[in-house]
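All remarks here apply to the structure that follows.
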Amino acid sequence: MGDSSLFATEQARGRAVYRVYACTILAGICLILYYRATHLPATWQEGRGAWIGLSLAEFWYAFYWIMTQSACWNLVYRRTFKDKLSQRYEERLPNVDIFVCTADPYAEPPNLVVSTVLSLMAYNYPPEKLSVYLSDDGGSILTFYAMWEASQFAKHWIPFCKKYRLEPRAPAVYFSSSHSSSEMSHHEEWLSMKILYEEMTNRVDAIVMSGKVPEELKANHKGFSQWKSEMTSKKHPSIVQILIDGKDPNALDNVGNALPTLVYMAREKDPEYHHNYKAGAMNSLLRVSSVISNSTIILNVDCDMYSNNSDLIRDALCFFLDEEKGCDTAFVQNPQNYNNMTKNDTYGNTLSVMNEVDLCGYDSWGGPPYIGTGCFHRRESLCGMKYTKDYKEDWNKGSGRNPQDDIRKLEERAESQATCTYELNTLWGHELNTLVCATSHAVMRGWANVLEMYFLQILLCGLVVAINVAIYEGLLLRKDKGSILGQLQ
């Protein structure tokens with residue numbers, strides 16, 4: 001790539017050594033299969049069925065190993081040039097919407113969600129171009145209360161993060177880190193911020209434990225009036241509340257800087273209509289955000305996955321805004337990394353192979369898989385847009401709404417996009433809904449679609465089981481445990 005590129009592609013070191021190693025493994029596999037084929041017991045000899053079963057099983061796993069080499073054969077790494085991005089696009093960076101999904105205030109504690117949302121609101125990005133949406137599928141007033149608390153704490157937390165360039169910017173993780181605050185030059189400010197955070201989390205925990213929000217607290221925001229006594233997690237109307245309006249000139253933090261937009265959404269739920277799990281929430285977020293902000297770039301994050309890199313948006317934009325390769329990029333996937341794992345990670349919970357090998361290997365074939373979180377999308381790609389070399393995207397377009405518009409009317413328009421019947425008998429329901437659902441790992445439209453989507457995987461797994469029947473019979477039912485008699489030559 002030329003000097004004008006916003007990112008570079010670098011090939012992994014040691015590829016030649018690995019390829020030699022892989023070839024030796026392949027040679028060993030071929031020798032095993034050759035031995036199996038040339039030493040097949042005669043029909044009159046005992047153990048023929050077990051031999052054939054073992055041969056088929058080894059052939060299947062040889063095929064599987066060869067397929068997995070597509071992710072190991074040519075690993076590539078991407079390096080971004082954020083300084084070039086700032087030089088060219090700082091004054092015209094695109095708007096970004098961030099989607100966070102949660103469903104149950106008891107399975108996913110509100111304080112966990114709050115920490116994630118605050119880490120996203122504190123990105124090193126122009127706040128007037130950043131909008132964070134929380135989808136609460138449980139429609140819980142407890143989660144809404146936690147988000148209201150987050151909107152108040154953000155006025156202190158965001159300027160604190162940017163002033164001292166903190167990493168990570170999830171307060172739950174930052175304040176639980178092992179470094180000593182006494183060694184910091186801003187010890188007193190650090191301590192007062194920690195006290196503010198702990199007071200907030202204690203209030204949220206107390207409300208969650210009690211299961212209700214006191215009447216005196218409900219007077220703090222008009223949104224609390226949306227909840228009625230007959231509402232449940234499985235049956236409730238759509239609720240959209242703009243907790244912070246980034247277009248409001250009065251939406252400022254405690255040092256006078258603008259705040260990003262923060263929106264709470266609970267889509268309508270009704271037992272008569274399938275809600276389609278996370279994919280349905282993403283569909284609703286896509287429509288609701290188009291009314292409020294309509295940003296060209298969308299990042300979706302699970303509620304228990306905080307951001308550990310405050311420049312992540314700028315890294316992703318280096319791919320989308322690149323003059324040469326930007327038109328080939330529909331989404332940018334980030335790896336999932338985990339903290340507090342055991343030293344040896346016996347069960348592979350850190351997904352090290354997927355993060356360090358598979359994603360980089362698949363990237364060399366045109367792009368990594370979408371893993372459900374930490375992914376940046378073009379809004380138009382989610383809506384079925386097909387790109388060409390000549391296409392020029394308008395990165396500065398948005399909803400075009402007037403900052404003077406009545407917020408309640410805007411919320412009502414957005415709520416109409418989050419009804420449970422919106423997708424019935426519409427073009428969205430037949431086409432666009434399918435696009436978003438295909439990128440999510442949710443069960444769609446009952447078991448019929450599960451069988452359709454995973455038919456090949458189910459067929460292959462069944463084949464493996466059938467192949468191994470002879471082995472199971474030999475090992476568990478026969479007295480000789482499936483051993484091959486010594487008269488084979």
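Easy rule for this one: first residue shown is 1, then count along the chain.
In case you wondered, yes, glycine gets a Cβ from its N, Cα and C as well.
Over all protein chains present, the Cβ of E108 (UDP-alpha-D-glucose binding site) has 19 other Cβ atoms lying within 10 Å. Among the features that TrEMBL reports, UDP-alpha-D-glucose binding site is placed at E108, D137.
In sequence order, V100, C101, T116, G372, T373 are the residues of the chain that are 6 or more apart from D302 (Mn(2+) binding site) and have a CB within less than 8 Å of its CB. Annotation comment: TrEMBL describes K278, D302 as Mn(2+) binding site.
The feature transmembrane segment is assigned by TrEMBL to 16-37 (among others).
What TrEMBL lists as transmembrane segment is 49-67 (among others).
Per TrEMBL, transmembrane segment is recorded for 454-477 (among others).
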Any idea what the Cα distance is from K278 (Mn(2+) binding site) over to E108 (UDP-alpha-D-glucose binding site), rounded to a whole Å?
-> 14
Compile a sequence-ordered list of residues in the same chain as D137 (UDP-alpha-D-glucose binding site), six or more apart from it, whose Cβ lies below 8 A from its Cβ; state 'none' when nothing qualifies.
-> C101, T102, A103, D104, S233, A266, R267, K269, H275, Y277, A281
